[in-house]
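Asks: The structure follows.
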């Protein structure tokens with residue numbers, strides 16, 4: 001491993017991302033794995049820079065000269081006087097010839113062009129990729145924090161040094177920029193264009209989920225695992241001793257009629273999404289500064305879906321068909337997901353760079369899985385946002401209702417079992433809460449960081465409706481009688497989880513909307529270099545992810561009504577724990593990168609991640 005060049009606390013000059021300008025910075029730390037330095041600018045901004053974007057102060061001081069020390073206004077004055085000077089006056093040795101004067105004018109013009117490119121101090125945001133809006137292709141950029149492999153163009157050291165005379169923030173005494181006539185602009189642009197460039201090798205982006213081999217196994221393994229779980233659950237004895245279950249022929253799993261019903265369901269939800277009801281809000285800023293608009297009508301879609309389902313039941317529609325063809329519906333959803341993922345990847349190949357996800361890598365297999373385009377839209381129809389809460393989440397509730405009716409029919413019950421009522425009620429509350437607080441989805445990692453590919457498509461359209469309804473599906477074939485005292489304890493556990501989950505999310509969302517709200521004045525915070533504050537009290541001073549803790553408690557509560565005869569009903573809580581621990585690790589990585597020292601202070605104040613005194 002190469003040794004570091006600069007020590008902690010050393011004062012050097014670092015390149016500002018998106019420009020060729022160097023400013024005085026202090027070395028805070030060095031990551032030996034990524035070979036990146038965390039530096040602090042004079043205004044408090046903390047960034048990660050590569051070693052070749054940092055230079056010692058001595059390399060600049062050696063280039064000092066009289067010509068660079070004069071003020072811009074005086075340079076402009078001397079330039080003006082050189083044109084009006086009498087031709088008969090004998091020039092002094094220090095005076096310039098006409099040719100030298102012209103070259104100096106060009107140099108001055110180039111300097112002024114560089115000043116115009118002085119970067120603004122922008123607040124970073126989660127879905128930033130690598131470029132500022134309107135940045136020229138020929139200016140060298142420092143994109144180390146984003147780790148994107150790209151060609152980088154290099155200006156001369158002289159231009160870089162001149163740029164260091166301008167501070168990070170504009171001051172009153174700084175000279176106003178003056179216009180450059182079109183002839184000089186063309187000359188400068190031409191001269192800059194012919195400069196040679198060098199390709200700087202950048203360390204490959206860290207890939208999640210085990211990289212390309214990992215996502216390849218996930219894409220093929222998850223559908224297989226899903227069908228094995230459903231087949232195991234349908235067995236009379238679903239114990240692990242009877243694994244693997246008997247496998248049906250492939251032709252038995254495919255029915256065109258089932259696929260048609262699934263398409264009809266999807267299109268109905270599209271229709272509800274497009275209805276002009278519900279308020280319109282803006283999402284988080286994109287790389288180019290745009291804020292996409294989203295219509296919040298998920299709860300209205302749920303009400304309309306309930307009306308359609310109720311009317312269908314009243315008209316005598318047989319919903320037992322869904323239960324008897326449950327595996328076929330799972331296969332239809334999987335096929336639809338694969339087709340959608342192929343479409344998403346193909347359209348992303350033509351998407352502008354600013355529309356790509358920061359999680360994309362350039363590898364076709366990995367990008368097909370993680371999603372290459374951040375917010376794929378057809379007009380105003382946002383595919384990712386729609387799939388996150390509509391077909392799968394509302395479909396989960398419909399499947400639970402189907403299982404409740406199937407239990408009554410198969411077990412010849414006049415009313416559903418208490419266990420089935422608990423499972424349906426708990427999960428109905430969870431879905432309604434998500435739809436009612438739909439706006440909170442816009443700040444999640446799924447929306448602001450991950451692209452829309454196979455991972456989210458399969459998770460939203462297949463995994464959620466067919467795995468999250470697993471407890472209800474299990475109770476149809478494996479009834480479990482729950483006593484009222486036991487039911488009371490389970491209800492209390494569920495309510496505790498919901499209070500933690502909703503309280504933490506509501507506190508976070510309220511603080512994001514209005515940090516100066518008097519109702520939140522009692523909360524303690526840590527200020528960050530991005531201008532935002534981190535909550536270190538309330539729910540977020542208890543553990544770093546109290547919403548995850550509440551989520552897991554609720555997941556346990558809706559598994560307990562299934563009893564303890566088999567481990568299958570507890571697959572969800574096991575899987576969900578692994579999912580949230582992994583997601584917490586992803587959150588930790590991105591927050592540490594974004595907030596730097598402030599995040600480390602927060603971790604010291606709040607040492608436990610999800611489970612207090614455990615993890």
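Heads up, the Cβ atoms here are built off N, Cα and C, so glycines get one too.
According to Swiss-Prot, the protein has these features:
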type	residues	note
TOPO_DOM	1-211	topological domain 'Nuclear'
REGION	52-109	region 'Disordered'
MOD_RES	55	N6-acetyllysine
MOD_RES	58	phosphothreonine
MOD_RES	118	phosphothreonine
MOD_RES	200	phosphothreonine
TRANSMEM	212-232	transmembrane segment
TRANSMEM	258-278	transmembrane segment
TRANSMEM	299-319	transmembrane segment
TRANSMEM	326-346	transmembrane segment
TRANSMEM	386-406	transmembrane segment
TRANSMEM	447-467	transmembrane segment
TRANSMEM	481-501	transmembrane segment
TRANSMEM	561-581	transmembrane segment
MOD_RES	594	N6-acetyllysine
MOD_RES	601	N6-acetyllysine
Asks: Tell me whether residue 55 (N6-acetyllysine) sits in a helix, a strand or coil according to DSSP.
Replies: strand
Asks: List, by number or range, the same-chain residues at least 6 past the transmembrane segment (561-581) whose CB is under 8 A from its CB atoms?
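Replies: Apart from its flanks, the transmembrane segment (561-581) reaches 229, 232-233, 238-240, 418-420, 422-423, 467-468, 470-471, 474-475, 478, 480, 482, 487, 490, 545, 548, 551-552, 555, 610, 615.
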Asks: Going by C-alpha positions, which of the modified residues (55, 58, 601) is nearest residue 594 (N6-acetyllysine)?
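Replies: Of all the candidates listed, 601 is nearest in space.
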Asks: Fewest other CB within 10 angstroms, which one of the modified residues 55, 594, 601?
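Replies: Each of the modified residues 55, 594, 601 was scored; lowest Cβ tally within 10 Å is 601.
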Asks: Report, as numbers and ranges, every residue of the chain located at least six residues beyond the transmembrane segment (258-278) whose Cβ falls under 8 Å of a Cβ in that stretch; write 'none' if there are none.
Replies: 295-301, 304-305, 308, 325, 328-329, 331-333, 335-336, 381, 386, 390-391, 394-395
Asks: If you count every Cβ pair below 8 Å, which range out of 299-319, 326-346, 386-406, 447-467, 481-501 shares the most with the transmembrane segment (212-232)?
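Replies: Counting Cβ pairs under 8 Å, the winner is 447-467.
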Asks: Mind checking which residues reach the transmembrane segment (447-467)? Cβ under 8 Å, same chain, six or more beyond either end.
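Replies: For the transmembrane segment (447-467), the list is 125-127, 215, 218-219, 222-223, 226, 229-230, 283-284, 326, 329-330, 333-334, 336-338, 340-341, 344-345, 348, 356-360, 367-376, 383-385, 387-388, 391-393, 395-396, 399, 441, 571-572, 575, 590.
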Asks: Counting across all protein chains present, how many other Cβ atoms fall within 10 Å of the Cβ of residue 58 (phosphothreonine)?
Replies: 8
Asks: Most CB pairs under 8 Å with the transmembrane segment (386-406): which of 299-319, 326-346, 481-501?
Replies: 299-319
Asks: Provide the three-state secondary structure of residue 601 (N6-acetyllysine) computed with DSSP.
Replies: helix
Asks: Between residue 58 (phosphothreonine) and residue 601 (N6-acetyllysine), how far is it from one CA atom to the other, in Å?
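Replies: Cα-Cα, rounded: 33 Å.
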Asks: Looking only at C-alpha atoms, tell me how far residue 601 (N6-acetyllysine) is from residue 55 (N6-acetyllysine), rounded to the nearest Å.
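Replies: Each residue's Cα considered, residue 601 (N6-acetyllysine) and residue 55 (N6-acetyllysine) end up 29 Å apart.
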